[in-house]
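What follows is a short report on a single structure.
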Amino acid sequence: MATKQSEENPDNNDEPWTKKILCRYFLHGICKYGSSCRYSHNRDTAPDLVCRYYQDGHCSYGERCRYDHVRVDKRNKSNSDTSQSRTSESSLIHSTSHDVDWVNAVEFVPGQQYSPRDFGSYSSVLKQGLDTSPDPGQVSASQKFDEICPFALNGECEYGDQCAFVHGLLCDMCNLYILHPDDLHQQAQHKEECMQYHVEDLKESFKIAESRDAVCGICMEVVWEKDEKDRKFGILENCNHMFCLDCIRKWRSAKAFNNTVVKACPQCRVSSSFVTPSSTWIEDKEEKENLIKGYKDHLSNKPCRYFDQGRGKCPFGSNCFYLHAYPDGSKQDRSKVDSKNVEGKNGRRTIDPNSLWDFIGERNEGGNHSSSLMELLQHDLELLDVVYLLGEDSFSSSEEDYDALETLEHRFLYGSDEFLDVDD
Amino acid sequence: MSSIATTRIQRELKDIKESNNQSIKIELKSDEFNNLRGEIVGPSGTPYQDGMYKLSIKIPETYPFNPPIVSFDTRIWHPNISSVTGAICLDILKDQWAAALTLRTVLLSLQALLSAAEPDDPQDAVVAKQYKDNQKAFVKTARFWAQYYANAPGPRDTDCVEKLRKASEMGFYKDISLQALSTHSWDLENAIQYLTSC
């Protein structure tokens, strides 16, 4: 930068910087500007004989090119012959890249690489990694990737052996010429990544393949053939029967039946206390555990509407899936809730009826408790199947369902029997 | 009718057709999918063997979240089926329904019910009492009903034919006479007394 200023400032130096470069045309005896040429016509000046096309990786003359096919390292300036011109050129690029001062904008100079803006040409952008690589000994793997010719990556580099970029070796996993021939570390890293990607890809496609034909046991339709918003599976905790989320939730909220009937799988009647929504069909035990864990984690970050930052009482106590946090962010001590609301009786956990009564009473505004208790409880439990869509929070069901879920996004981990006990 | 119920019934009808099970049949009564006619064959080894039992099946709007309403159109002598109305007492058609059950599984369950009666959870108390107290009379009656109403093959019990003829000759409808005779375990005198008293 300093060089450039001194060169361009007419007060310090009367000669433009171009006078320091031997005119290429003059060199070949064909400069039409003669003495008015802005470039030096003095054969003592250092010529710039480095092929700029070669620098960009695509000199179509190849070996027949009259300019030097050498790679110029701007930093080290190893090539002393061209150091001067390179300096001026690089300073030129820098000046344009930092201040958009069109008065001092770069002139278009035939034979010079014209870089009007800070982006540089396509190839120079591509080559940035190459140009800035400091010391070959310290080249990181990602920079090694940058050295790989992007055209040869797909096996289509027309410059063949003359390409300035490294033509990688074929990776038989991803079918790309991406393995750096001289760098075993890069090769290993790529192969590992490729393998990981491949395994995940395979898993995903298996999941999709399995999901594609999955038929809901209730509506008997292929879940993936339904409208996009209904294309979700409801995974039961304790068995592996297939249902779409919509159907299993509807079944679990059916009013005509006993809770033990509707909370059981409609196929095998194994009871599950909650349904986990999933976009693909999951049967594998480990994956299911992950899914359920992710689901619970997701819910545990959502504030509980009953607890209401400590202003309200949550009837689900320590079993609530939702976040019980006070306004200052501190969490409720769940062990306390346990001893207060839940007392051990014959090894069973029962909820203290009083707190539940309060809750029911509030909701019912002092109506007929005993007759409505069961009904309400049943109603509440129906809504326990909260929609949770991996990553998205939109509820696909009707507005009515949405409202219900809004008020009662709850779930009770230990089934419903405990609630029914309260009625006695 | 809700679309889920309609599409499911359509699917079920197709599945039944494809399953090629000769002992159960389901067909539409009209163009509507909420009214179906079923038919089951009495299972072998029972008094109902080879009888053809017609069923009426009504599909509720909320199907399959609620069970279909099934009753026997063909009269049958069975502890868990009303001998008068054909109403069925079967848990899966009531509180033990599951959304994954289908019409096919319901009809198969009915066939199973014909094979294994549950007299302790009766629909028809008279039949259940006879089943428990007088198994011989029960089998005789059930078999005769199967032949009389469900076209079950085989020679009819001459005692039953004779008593039924006598009762109907006295001017009582055959159906009512048969009901009375069956209720009184084929005691003609008691049956006539019952018939005249009502």
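Even glycines carry a Cβ here, placed using N, Cα and C.
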State the residue range annotated as zinc finger by TrEMBL; the candidates are A:17-44, A:101-128, A:185-212, A:269-296.
A:17-44
Among A:299-327, A:386-414, find the range that TrEMBL records as zinc finger.
A:299-327
In this predicted model, what is the average pLDDT of the domain 'RING-type' (A:216-269)?
88
